[in-house]
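> What follows is a structure written as structure tokens; I'll ask about it next.
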Amino acid sequence: MVSSITRIPGIPGDSPSEAEGLGKGIESSFGLNLIPLPANPLFGTDGIRGRVGELLSAPLALQVGFWTGIVLRNHATQIGPVILGQDSRNSSDMLAMALSAGLTAAGLEVWYLGLCPTPCIAYLTSISDAIGGVMISASHNPPEDNGIKVFGANGGKLPQILQAEIEAGLRGKISPIAKVSNCGRHYSRFELVGHYGDALKKPLNSTLNLQGMKIVLDLAWGAAVGLAPSVFTEMGAEVICLHNEADGDRINVNCGSTHLDILAATVQEHNADIGFAFDGDADRVLAVDNTGRQVNGDYILYLWGRHLQKNQQLPDNLIVSTVMANLGFEKAWQQIGGKLIRTAVGDQYVQAEMQRTGGMLGGEQSGHILCRHYAVTGDGLLTALHMAALVKEAGVSLAELVDQSFQTYPQILRNVRVTDRDRRLGWQDCEPVQQAIALAEAAMGDSGRILVRASGTEPVIRVMVEAANAELTNYWTNELVSKVQQHLMD
């Protein structure tokens, strides 16, 4: 319904003369009065993320908003609004308003959606004349963290080269190319979230409903509360909800996509067909089958990929995933004629590779799933709807579908907390850790994989070991974690 989501006329910057005046009177206040920033890049694998009151603050959000506005305007073919939303964290109001102030200082109109899933921002940005979108959320992180995710006019994550331009502005390395003669305006557009809900249901409405299915939803006290239950109910499902209030103190706490135990128990207690757990901003989802077994992103990609393959909707039988994808998944997918391409961890890298190769399905083991037939970015609600529809159409339980798919290789992922940001991001310079990795890789050869990396979203170093048997997996995980703790922890 693009026609009903058009820009309110009369915003500054419509005329060439106004566009040429971008930045007047504010270059000194935003370009010279810099705030302290860490030595390493601000933008990680999913935007800017950190502890509120430490890395993230209202002054930082104000300047991020301003420089985001400047960069979006400089690269826009015509001036339009920026769409802004947030999750339920207590700090999200503060950061959203500060960021909006920065965007309007850059002469841009802001459409503020309030509480909404991150994919809602991406979808509305892609179908309207918006020149970008911003989501205030730290996704699956704890309540005391928050983050800033920036989207381009196409609804995809902002390219790294433009992220670098924003950061250069924040660090005082560039000045606005043009100047702003007038400030923008801030408009509340809460009604637009409903357009996103309609878009989620549209591909399924004409062919399939969820009548007769009992589905448990864990909303993680986050951005999907309200919207997710209504969408599943309108599709005909009987819905049981967990953690279905917007609660900034409890978002992601022992619930959602990183804590599936309560969801699994509830599915079994109510004899439900399937359960879905979302993270705080609902851009990712994990499932629980009817027996209470956890179903991660590898299984979701395999099952959805096989469905698309059978319907000749998967070009080159290609799935794009990351280095975290299980070897069991890869080998099983290859056995049915599939091809798997791995990227670095982060849905922005998956999305970029899908665009490069023409891939239509991709995602991460952690539950970021993108199907370009229906969306422009990873979408937890859309993925959950299509997985439920897939089970309904198959006429068998999700447990049976999983049993018929593949056996995973034993894989252990351990997180080692390293609060010193520079030490964490520079872990590769630690010789003892590198020597331990080399020793482990030589010992396992082709029978396993090792991945050590600094998280782009949390203050941890992740150690992943995957091997043909559990004994090897456990041994080398313990060895590597011990080295990281010994040489990198505070």
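Including glycine, each Cβ sits where the backbone N, Cα and C put it.
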> Out of SER128, SER139, SER397, SER405, which is the one Swiss-Prot records at the Mg(2+) site of ASP279, ASP281, ASP283?
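The candidate from SER128, SER139, SER397, SER405 that Swiss-Prot ties to Mg(2+) along with ASP279, ASP281, ASP283 is SER139.
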> Would you list the other residues of this chain near Mg(2+) - those whose C-beta lies within 8 angstroms of the C-beta centroid of SER139, ASP279, ASP281, ASP283 - in sequence order?
ASP87, PRO117, THR118, SER137, HIS140, GLY222, ALA223, PHE278, GLY280, ALA282, ARG284, GLY380
> What does the structure give for the C-alpha distance between ASP279 (Mg(2+) binding site) and SER139 (active site, phosphoserine intermediate)? Integer Å is fine.
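Rounded to the nearest whole number, the Cα-Cα distance is 6 Å.
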> Restricting to the chain of SER139 (active site, phosphoserine intermediate) and a gap of 6 or more, list residues whose Cβ falls under 8 Å of its Cβ, or answer none.
ASP46, ARG49, THR118, GLY147, ASP279, GLY280, ASP281, ASP283, ARG284, THR457
